[in-house]
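Participant: Before I ask anything, here is the structure I am working with.
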Amino acid sequence: MSGMPPHIPVLLKEVRSALRLGEGPGIVVDGTFGAGGYTRAILEADPGQRVIAIDRDPTAIATGRGLAAAMAGRLMLVQGRFGELDRLVRAQGIETVDGVVLDIGVSSMQLDQAQRGFSFRQDGPLDMRMESGGTSAADLVNEASEAELADIIYHYGEERRARAVARAILEARRRGRIATTATLAEIVASVVRPEPGSGIHPATRTFQALRIAVNDELGELQRALHAAERILRPGGRLAVVTFHSLEDRIVKQFFSARSGRAVSASRHLPMAEKPAPRSFTLVTKGPIGPSEAEATANPRARSAKLRAGERTDAPIPEPLTALAALAALPSRERGGGRR
């Protein structure tokens, strides 16, 4: 392990309040277990509280076994994707739950392990997979076309220099395979200048984009929101913490639509969907951010936003096609490929 600080769950006080922890025992799903920060806080809120903790990363599940043993049956660890949380929970014999919390983003454990290939701050193999199977970041960087790379970096990383980054990657590929995080960070830094005074590394947005693409993070998020809707009892709460605008946009659209407003997936899908039966009421009227004290104490919290809703007794509506459109790369035919 490096000298990085341990994982601190962000907006913990606000998440506790949104989930009404401490108001009696119940069953809460932590759909993004990670280092276990939220799970521990949920369990500590009430001696009768139970948690089903889900993570697709086998390392996170293995790390949590000590906590599960100490909780004497109150913590159930399940390896799987949080986009399938309703199926995973029902496989444990539980039909409905009282709360679901999702912390969307890479965990500090993953960033802290150079061999996982998530961070440009430590040299390691260019991987970024949250589970062992599937396409790695190295596969994507070395095999995708210039246009595909530019689209991924522009839309998932919101990198204005996406076309230049993609071109630089293609030029570097001609000299040999791009295999490490340090090599890729160097390539990106050769064409993206640091923003004065921002403290943001030039490779930040490109690494974010590749991680999102490799793990289908936005697709998983929109599936998880619908899965939580299906598993929550009436009166149950869903709390979602996001860290960048792409994630927050999906969560905002979901809660807006499910609380009775028509939504659109932006200019790429201009026709708004008609309001469905209100399956949620809003617990937070807008995003809740960190206090100044928390942002100072925990830099990871600076960009965090919390949105929460309470499940009504309305029937489960059809999934929102607008969310799937937000999670996908816009098609070039609709003009999504322009830079």
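Placement of Cβ uses the backbone N, Cα and C atoms for every residue, glycine included.
Swiss-Prot feature annotations, pasted as is:
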{"type": "BINDING", "residues": "Gly36, Gly37, Tyr38, Asp55, Phe82, Asp103, Gln110", "note": "S-adenosyl-L-methionine binding site"}
{"type": "REGION", "residues": "286-319", "note": "region 'Disordered'"}
Participant: Non-local Cβ contacts of Asp103 (S-adenosyl-L-methionine binding site) (under 8 Å, 6 or more apart, same chain)?
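Facilitator: Expected: Pro9, Val10, Thr32, Gly34, Tyr38, Val241.
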Participant: When secondary structure is assigned with DSSP, how many helix, strand and coil residues does the region 'Disordered' (286-319) contain?
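Facilitator: The breakdown for the region 'Disordered' (286-319) reads 9 helix, 8 strand, 17 coil.
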Participant: For Asp55 (S-adenosyl-L-methionine binding site), which of the three DSSP-derived states applies: helix, strand, or coil?
Facilitator: strand
Participant: Please report the number of other Cβ atoms within 10 Å of the Cβ of Gly37 (S-adenosyl-L-methionine binding site).
Facilitator: 20
Participant: Translate the DSSP assignment of Asp103 (S-adenosyl-L-methionine binding site) into the three-state scheme.
Facilitator: strand
Participant: Looking at Cβ-Cβ distances, which residues of the chain lie under 8 angstroms from Gly36 (S-adenosyl-L-methionine binding site) while being 6 or more apart from it?
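Facilitator: Listed in sequence order, they are Ala53, Ala60, Thr63, Gly64, Leu67.
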Participant: Non-local Cβ contacts of Asp55 (S-adenosyl-L-methionine binding site) (under 8 Å, 6 or more apart, same chain)?
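Facilitator: Those within reach of Asp55 (S-adenosyl-L-methionine binding site), by Cβ under 8 Å and sequence separation of 6 or more, are Thr32, Phe33, Gly34, Ile61, Gly64, Leu77, Gln79, Gly80, Phe82.
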Participant: How many neighbouring Cβ atoms, not counting its own, are there within 10 Å of the Cβ of Tyr38 (S-adenosyl-L-methionine binding site)?
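Facilitator: Its Cβ shell of radius 10 Å holds 28 other Cβ atoms.
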Participant: State the count of C-beta atoms found within 10 angstroms of the C-beta of Phe82 (S-adenosyl-L-methionine binding site), not counting that atom itself.
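Facilitator: Neighbour count, Cβ to Cβ under the 10 Å cut-off: 26.
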